[in-house]
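In what follows, a single structure is set out as structure tokens and then discussed.
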Amino acid sequence: MANRSGEAEHETASRRNQQDKSKAGILDLLLKRPLRWLRMLIEELHWSFFFGVIIVYGVSQGLGKGLSKVSTQYYFKDEQKIQPSQAQIYVGLIQIPWIIKPLWGLLTDVVPVFGYRRRPYFIFAGFLAMISMMVLWLHTNLHLALALSCLVAGSAGVAIADVTIDACVTQCSISHPTLAADMQSLCGLSSSIGSLVGFSLSGVLVHLFGSKGVYGLLGLTAGLVVVVGMVLKESPSRSLGRKHANEKFLDAGSAIWKTFQYGEVWRPCLFMLLSAAVSLHIHEGMFYWYTDSKDGPSFSKEAVGSIMSFGAIGSLVGILLYQNFLKNFPFRNVVFWALSLSVLSGFLDLILVLRINLKLGLPDYFFIVVDELVSHMISRIKWLPLLVLSSKLCPAGMEGTFFALLMSIEHVGHLASSWGGGVLLHALKVTRTQFDNLWLAIVIRSLLRVIPIGLVFLIPNVDSNSTILPAEMLTNRRSEGVDTEKIEMTALIGDEA
């Protein structure tokens with residue numbers, strides 16, 4: 001009996017130890033490991049670089065995107081009372097500042113303001129967005145043209161801040177190549193968490209303050225970008241004369257042209273353009289259907305915001321999956337499988353619009369939440385390897401300009417897809433109250449997603465640890481007027497801070 005009792009106690013203690021180890025493992029995975037990862041990035045790079053990433057990606061873009069997307073949709077629908085096809089076109093117009101990102105990038109690389117290349121652009125971007133949002137908030141019965149101008153100006157402020165921090169991230173990707181994927185994951189995590197918070201609050205805030213009131217809150221988030229420009233450490237550089245500046249612009253153009261002559265560069269750029277262009281956006285048509293009381297589910301503002309928050313959760317899950325399991329796989333393989341899953345996920349909207357989910361006993365809200373989560377997770381997994389690849393295609397000394405150019409190519413594709421979606425909705429006579437042909441728009445959009453799968457051969461079959469450009473293009477050879485070692489942000493290099 002004593003032996004049996006001892007064995008039982010031993011088994012109980014063994015199970016308890018296993019449970020303790022399991023709990024410790026979960027704690028390490030969810031808390032300790034992420035904290036060690038963040039501490040490593042801060043030590044390897046610099047705290048002010050980390051702060052800038054959190055504010056620009058997390059607050060300005062992430063939180064701002066969550067608040068602005070829902071408020072703008074309701075602003076167009078309820079304040080301006082326009083058709084979904086028009087709203088889809090206007091959403092594309094708002095993205096135009098992102099298309100000319102190379103201009104902002106070229107300015108940050110070549111034209112210092114009062115001796116600084118980064119800080120003044122953060123400050124200008126913050127004030128531009130802040131003023132634009134305040135006009136939308138305070139002005140009553142604003143004409144559509146003026147409202148669009150303010151929305152475009154606000155988008156320009158976010159874009160300028162984005163390209164400035166992109167230059168910092170790209171420069172660090174070159175100086176710390178083994179951390180390239182980690183930095184993109186940090187940017188994506190900041191954006192996704194900010195979006196999650198923004199979307200979660202957006203519906204409630206639109207309900208409490210109206211779409212215009214939310215624009216006032218966005219003015220406050222823009223003010224934090226001004227703070228980034230004020231606290232960021234940067235070594236001053238000698239201002240260039242007009243002639244010297246013109247020479248630098250010509251040198252920049254020459255460097256860009258030379259880089260694009262490499263097949264490893266222009267082929268993935270062509271893929272990003274075409275894959276984005278053929279993936280038509282019909283988001284505004286779906287939004288009008290979501291909130292329609294006759295044909296659609298008639299969701300409230302709070303419900304719409306919470307649905308989009310699950311999209312942010314999906315993006316976050318995609319980032320975690322890529323960071324922990326996929327970042328060392330070849331870019332081409334990850335994008336191929338993500339595109340294949342994207343085609344299948346596109347038909348979830350068809351099941352919803354045809355009300356098949358109700359016949360299966362699945363409530364609208366539950367089905368839409370699953371749809372949002374899955375589609376955003378796949379989209380993020382597809383986009384992250386392209387971001388990492390883009391950061392490795394930038395020649396030294398032109399990081400901001402070239403990375404912005406690569407991203408603008410993607411935005412040109414998104415503009416084409418947004419306008420194409422608007423034309424499709426108009427052609428199929430999808431209006432504020434008529435949704436009979438919305439299912440056909442979903443079918444056409446989903447079938448077009450097959451095209452990029454046949455173009456994945458344009459992506460280099462390398463992983464995030466590979467060097468793509470020749471060594472001479474990764475060595476900064478700027479002349480004395482714009483020597484990176486002299487004007488490099490000390491915030492980015494911990495040893496020089």
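From the backbone N, Cα and C atoms, a Cβ is placed for every residue, glycine too.
Quantities reported herein were computed from a predicted structural model and do not represent experimental measurements.
According to TrEMBL:
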type	residues	note
REGION	1-20	region 'Disordered'
TRANSMEM	45-64	transmembrane segment
TRANSMEM	121-138	transmembrane segment
TRANSMEM	144-165	transmembrane segment
TRANSMEM	186-208	transmembrane segment
TRANSMEM	214-232	transmembrane segment
TRANSMEM	265-283	transmembrane segment
TRANSMEM	303-322	transmembrane segment
TRANSMEM	334-356	transmembrane segment
TRANSMEM	438-459	transmembrane segment
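Proximity of distant same-chain residues to the transmembrane segment (438-459), defined by a Cβ-Cβ separation under 8 Å and at least 6 residues beyond the stretch ends, is recorded for 267-268, 270-271, 274-275, 278-280, 282, 285-286, 289, 331-332, 335-336, 339-340, 342-343, 346-347, 349-350, 353-354, 386, 389, 421, 424-425, 428, 430. If you look at the transmembrane segment (144-165) against the transmembrane segment (214-232), you find at least three C-beta pairs under 8 angstroms, all six or more positions apart, and that counts as contact. The stretch from 45-64, 214-232, 303-322 that makes the most Cβ contacts under 8 Å with the transmembrane segment (186-208) is 303-322. It is 214-232 that, among the stretches 121-138, 214-232, 303-322, 334-356, forms the most Cβ pairs under 8 Å with the transmembrane segment (45-64).
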